Amino acid sequence: MAFQGKKLINDPNDVVTEYIEGLVETYPGLQYLDGFPEVKIVLRADISSASYDKVAVICGGGSGHEPAHSGFVGDGMLTAAVCGDVFASPPVDSILSGIRAVTGSKGCLLIVTNYTGDRLNFGLATEQAKSEGYNIETVIVGDDCALPPQRGLPGRRGLAGTILVNKVAGAAAAAGLSLADVAAEAKHASELVGTMGVALSVCTRPGQVTSDRLGPGKMELGLGIHGEPGAAVVDLQPVDAVLSHILKQILSKETNYVPISSGNRVVLMVNGLGSTPIMELMIAAGKAVTKLQLEHGLAVERVYTGSFMTSLDMAGFSVSIMRADQAILQRLDAQTMAPCWPIGVSGKLAPTKIPVPVPAHTTKSDEALTRPKELSVEGHILEAAIEAAAKAVIDLKDTLNELDGKVGDGDCGSTMFRGATTILEDMRSYYPLNDAAETINEIGASVRRVMGGTSGIIYDIFCKAAYANLKESSQPVTSQKWPDALEASIAAVSKYGGARAGYRTLLDALIPASAVLQERLNAGDDPCTAFLLSSEAALSGADSTQHMQAQAGRSTYVSVDILASVPDPGAMAAAAWYRAAALAVESKYKGL
Ligand SMILES: Nc1ncnc2c1ncn2[C@@H]1O[C@H](COP(=O)(O)OP(=O)(O)OP(=O)(O)O)[C@@H](O)[C@H]1O
């Protein structure tokens, strides 16, 4: 059964006008012509055609590509944007209204994306405006590099490269150039830019059913931005491979779409198509820069990453590359009030990375620590306990993530895994295992370096408190000292984290364990037996969290019903490492 695509809208017919209303409320520098629903023009709020003494620059086309083009209206970029209905060119009368609203004595440049509807509507509007006495020039942008040449009448499509053309033209106009010169710069810019995209999903028009054209595990290369099929459907690949393909295609000498060759200076635009996370766009941007530099010998002067010309809610991105000499860079760097042009992308690039500052005073951890050549008996036991504990956590990664997926954010296993693997590595290379207190301190340092998350800081506090306790006396750490250290750690975690017994946290495994440990030692059990018995208390304590209401951590946001279906992942992890350590210590003692 087909369902309408989910959208947070009202009537699908009103999406463009309601978008414009929200846009001008958001950006006080913008206003719109009061001609809804036919006339949908966004224009600068600070000018009027009667007194405007610069060339007006107008771009427009079907809606559904926001922020293009209305988000690029502002001093230094577009003077007005003409909005059509979703994916439909605006009609002639609407375009004419825009021209009349902003064109002063210096005339108007229309920047038109190369689609039949846009060419015809903007073309006819141009003729009509000229007959009314307006001075008008038109530049058509067709930057698509996905399709082979000679595709019949329509030619190459206008894609995100149009935004760069808009910026060049807008800056030229703001600099006071004549219409002929502004048009010449815009035309030149349009000939220097090439674009190609990749899509992971098909966009959904408001009020319509989402197409299932693109199956799972597939992506489209060389897509259009109106839901039309891409040039090729291929298996999903890592973004590195996708970028290599796209960059080769844009810079192909065979099609010769853009006059860019090794040694040229270029700017890069990575344009999200509507529902691509910023994280993925930035990954693409970083990789594209490296590839352009190393594989194509190009100097990347500026990088624009974000959503500039979208296709409703399509997942994917397009890449545009524009050759950029000093004159183009000057136009791209020029100041603009257009709200959606990325600020801060101008001038010379700073080095991409600088060293992490180191603390002025070195701590013990910074000194050259080494693993002892010979391990003492206690060192061997400590090593076995740490190794078993870490491995138990590593083995539980998926289970913990699954539990945390139900009551938290699904990363508890991964966070603990990071800590455990690092502890194992660091232990092998430098933990001073013959000194238990210093080893616990180093475990804390490993945890602090890599874990993050709530459990990361909790275990950091835990280790610090244990270290301080074990260091209180200068005597070597004996088995009698561990229970006090555990108690001190629990007290510190409780003090800083605010949780107590019954709050459904890892303390619900450790508090009963600590209590049983003290109890058994007071009753005269040998430390090994006491440790083992206390680990059983840890396990049952962890299990009991299933019946607890959460009073700490992310689980507090989760309903009682869901909480009742699983135990707390942090408590399960704590019980697992504690139990594994106890078993390892027991087996070491038996072997002595
Ligand atoms: N205040 C607290 N005191 C002690 N333990 C806590 C506290 N809050 C949460 N926890 C424990 O931390 C575990 C979750 O650890 P995890 O690292 O997955 O945290 P998180 O909430 O996902 O945090 P982040 O978003 O920072 O990753 C919980 O299962 C619980 O046992």
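Every residue gets a Cβ built from N, Cα and C, even glycine.
The candidate list Asp11, Asp14, Asp118 contains one residue that TrEMBL assigns to the substrate site with Gly62, Ser63, Gly64, His65, namely Asp118. Secondary structure from DSSP puts Gly62 (substrate binding site) in a beta strand. Distance from the CA of His226 (active site, tele-hemiaminal-histidine intermediate) to the CA of Gly64 (substrate binding site) is 8 Å. For the domain 'DhaK' (11-341), the predicted model reports an average pLDDT of 95. Residue pair Gly62 (substrate binding site) / His226 (active site, tele-hemiaminal-histidine intermediate) shows a Cα separation of 9 Å. The two recorded residues, His226 (active site, tele-hemiaminal-histidine intermediate) and His65 (substrate binding site), have Cα atoms 9 Å apart. Taking every protein chain shown into account, His65, His226 are the recorded positions, and of these the Cβ with the most other Cβ atoms within 10 Å belongs to His65. The residues near the substrate site, meaning same-chain residues not in Gly62, Ser63, Gly64, His65, Asp118 whose C-beta sits within 8 angstroms of the mean position of the site's C-beta atoms, are Gly61, Ala68, Cys83, Gly84, Val86, Phe87, Ala88, Ser89, His226, in sequence order. The least crowded of the binding-site residues Gly62, Gly64, judged by other CB atoms within 10 A of its own CB, is Gly62.
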